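Participant: Got a structure for you, questions after.
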Amino acid sequence: MASQIGDNIPNRIEETDVNLAEYATLRLGGPAKRLITVTTSHDAITALRSASEAGERPFVLAGGSNVIISDAGWPSTVILLRNQGVTVLDSSAEYVTVRVAAGHNWDAFVQWAISEGLSGVECLSGIPGSAGATPIQNVGAYGQQTCDTLLSATVYDRMSRRVVEYDQAACRFGYRTSVFKRNDRYLVTDVTFRLYRSPNSQPIRYAETARKLGVDVGDTVPLAEARASVLDSRRSKGMVLDDADPDTYSVGSFFVNPVITSDEFEALQKRVATEPPHWPADGDIKVSAAWLIGQAGFEKGYRRGNVGISTKHTLALTNRGGGTTSELMALAEEVATGVEEKLGIRLHPEPVTVGF
Ligand SMILES: Cc1cc2nc3c(=O)[nH]c(=O)nc-3n(C[C@H](O)[C@H](O)[C@H](O)COP(=O)(O)OP(=O)(O)OC[C@H]3O[C@@H](n4cnc5c(N)ncnc54)[C@H](O)[C@@H]3O)c2cc1C
């Protein structure tokens, strides 16, 4: 059985011709020539170095929840991160600074923080994958994002062959992106967060969450209540992994919300009868990709062979069982083309493609 994030793995394990579909939440993808499972940052760096020195192109995989692996797989070495652990570095009356190993299960870390009375990540409850991947795309949900609490990422730079500390500015965070995304120069070995010592959440920013909790945007609620509410919302959208539910055999949101200029927004408004859901984005306008997909005529549950749009959320493309990556990519293209033809906006994928 494939190792999952959070499993206890004794040592560095090396295997050949390994089916990568077992390590991806989409359950799609071909084989890796070699898979090296590492349980320490040191082993991860060593494995990466030796593969590079052998002329290979190593790929770093953690929880496999934001990757689309080609049917052909990866012709070289995959390094599977399973280093774990949370270390308190500093503590005051107001803050606690914690370092989390990259391969540590993200949601286990969130649960730990809540149980310790630490706030700042409670609305990121239920996001699959590893702590080390959270800076890669500046993971965000329900009004919180990684850059709100991240102090620094410990990074092995394959170019300089050194371990360096990347602060907020060096991470160059943006909306679902950072300096690390689609960039194999860096291996994040640990992430350091500064959390607030508080039994209550940070101010709730997301209107849906505030409504559900019966509070106003800007209010705070007990940490456990914030987590329960977010998990409940996420489950209703198939956004919490569940072996029994093919709506969760996905990468979460397949497309990012497009950010467009005010002129483009005006053109969009002319094409549709109603006001598109939108938010300000640094002088531009972010439009809901899920809404655009719906407007283009794609409904929840839309099927194309063994893949389809989730029955719970228009933005999640799912493997209904027995699908292939080619089928999924054809569905993604059909949706993106449909939106572009009908509404004049091109959607771009959020996950990383591997082996294409
Ligand atoms: C059901 C579901 C719901 C989701 N909900 C959300 C959500 O609400 N918000 C959100 O932002 N995302 C969401 N996602 C996407 C995904 O969970 C996150 O992006 C997550 O952080 C990916 O972590 P991972 O460990 O699975 O990364 P992987 O899929 O293993 O890797 C993703 C990319 O990051 C790179 N990478 C991973 N770890 C490292 C490292 N330590 N150093 C260098 N590179 C690394 C990989 O090489 C790859 O390019 C969801 C996914 C699913 C399946």
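Numbering starts at 1 and runs along the chain as displayed.
Glycine is treated like the rest: Cβ placed from N, Cα and C.
Annotations for this protein, taken from TrEMBL, read as follows:
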- 28-198: domain 'FAD-binding PCMH-type' (DOMAIN)
- Arg176: active site (ACT_SITE)
- Ser253: active site, proton donor (ACT_SITE)
- Glu350: active site (ACT_SITE)
Participant: Can you give me the Cα-Cα distance between Glu350 (active site) and Arg176 (active site) in Å, rounded to a whole number?
Facilitator: 7
Participant: Inside 10 Å of the Cβ of Arg176 (active site), count up the other Cβ atoms and send me the figure.
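Facilitator: By my count, 18.
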Participant: How big is the Cα-to-Cα gap, in Å, between Ser253 (active site, proton donor) and Arg176 (active site)?
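Facilitator: One finds 11 Å between the Cα atoms of these residues.
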Participant: Quiz question: given the active-site residues Ser253, Glu350, which has the greatest number of C-beta atoms lying within 10 angstroms of its own C-beta?
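Facilitator: Result of the Cβ crowding comparison: Ser253.
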